[in-house]
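Can you read through this structure? Questions will come right after.
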């Protein structure tokens, strides 16, 4: 990416040794214009992003409640988190289970449907839209409300089960099942990665399949030797994206659990606990520390993903 | 993209070839299972309260709009009030993102300036940054400025082009445009502003549309920032209002809540119907969701 930045390299504004050289004058004018175009972005970078990043790093070493000035406590917040805060550990566990279970499931569904749809089937765009729609709505409060009601003790799921004479559990009210309803909600939104898979499948030249067929490769063999290897970069892309995204899930857990992460902290997502600490108990230093741990976790996971990708992602023979 | 249409039915499913109909039946069946909760919510919003519990079926045996009228007036303000709040914030966000992100993108894609690579790398890094790392100090900042319960904490970041993803999207798009157009305009005496406004932007329409649609949907759906910054019922947006609905209403009054949930989803659904092509292309080419 970075190498394509300077498409047409011109000399940067270097003060001319003597007199105004035409091209430097021009490049200085160009640089001035560029900084003007970028002015809003620069201000945003400073005020909305970089400033707050450093502020949050500082706050993470303090005890700060918004009412009194911040008190430096060193690593206390970080130590407390891992040694004396069972809810923090619970939130970490809940989120980890959520990511580890729902992301592979979601991607498996996405890939399976993409494979079924990628066959010159009539009505492709219709199916694509139908399966994509939940992805678009899935993060909304309205759908989370629906989920809470569908999986309520007297909700739709239990009403359907009752037809078959099955007495369903309380789902969202039961610590054993509450998290699985959220996992299901996430899997339900498989449409977006599915579309990325579909786009990836289209990049595979049909000549590969024709050649393989001529060589007598069967269906499974073609899938294993052509489709899968050529699709690994897309699987990797989706994996990284979904892990980052689902680690930050908030709305669904907030609404389904009524803003508390219950029952028995079984849906206390990491970001939900961060919200409760920072904006309900006004323990802002602690919340900032949690945010930094989240940043480290996400960076580490992304890094591991990239390292591991060397062993299974196939980038074609051009590299 | 062009390779698809010619491709013979890939071999994995060749044994099914005879059962093409079966495949359609399976896909439609699966689609129905997926959309069932959604359809059930729509149908429930049209049923009298006492039927919602008893009928898991979709077709209401009795249709009423009572849930809509009741839900509309169930909160402090009529629901239209919250729709308006959401609409204002969303519209400002869309305009702000279009202007600010395209300005930055033009500079990154077309102009040369010192440290360009560094700034570009920082911009890309911003895409990866989890929002939660900055929300605490941002909240403190806006609270110190006395801007809680105003639209500023929600709109200001967009005015300042902090949605780096859209900047990146437009940079990528502008790079595909022929530079000769810029150069021709320059020879005609156009300055950078004129080139940006008259040459590059009109050609950027697809990227602008993608940005507008996704900004609309994300802002309309956004919950966390609206929950943080809008805590006076007079400023509530649709999402925050819906949430109080959940707290306020007992578990028996599902009808009005479902009705208002449908109203809240309406604009997104509308965009989905109209902008499907852009939406799906946006996801396929950029991973925006």
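Just so you know, glycine gets a Cβ as well, placed from its N, Cα and C.
All TrEMBL annotations are machine predictions without curation.
From TrEMBL, for reference:
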type	residues	note
DOMAIN	B:83-275	domain 'ABC transmembrane type-1'
TRANSMEM	B:21-42	transmembrane segment
TRANSMEM	B:82-106	transmembrane segment
TRANSMEM	B:118-140	transmembrane segment
TRANSMEM	B:152-174	transmembrane segment
TRANSMEM	B:195-220	transmembrane segment
TRANSMEM	B:254-274	transmembrane segment
For the transmembrane segment (B:21-42), what are the same-chain contacts with Cβ under 8 Å, counting residues 6+ beyond its ends?
13, 56, 58, 258, 261-262
Mind checking which residues reach the transmembrane segment (B:118-140)? Cβ under 8 Å, same chain, six or more beyond either end.
104, 108, 153, 162, 164-165, 167-168, 224-225, 228-229
With Cβ-Cβ distances below 8 Å as the criterion, list the same-chain residues six or more beyond the ends of the transmembrane segment (B:152-174) that contact it, or say none.
89, 92-93, 96-97, 100-106, 108-110, 123-124, 126-127, 138-139, 142, 145, 200, 204, 206-208, 210-211, 214-215, 219, 222, 225-226, 228-230, 286, 288
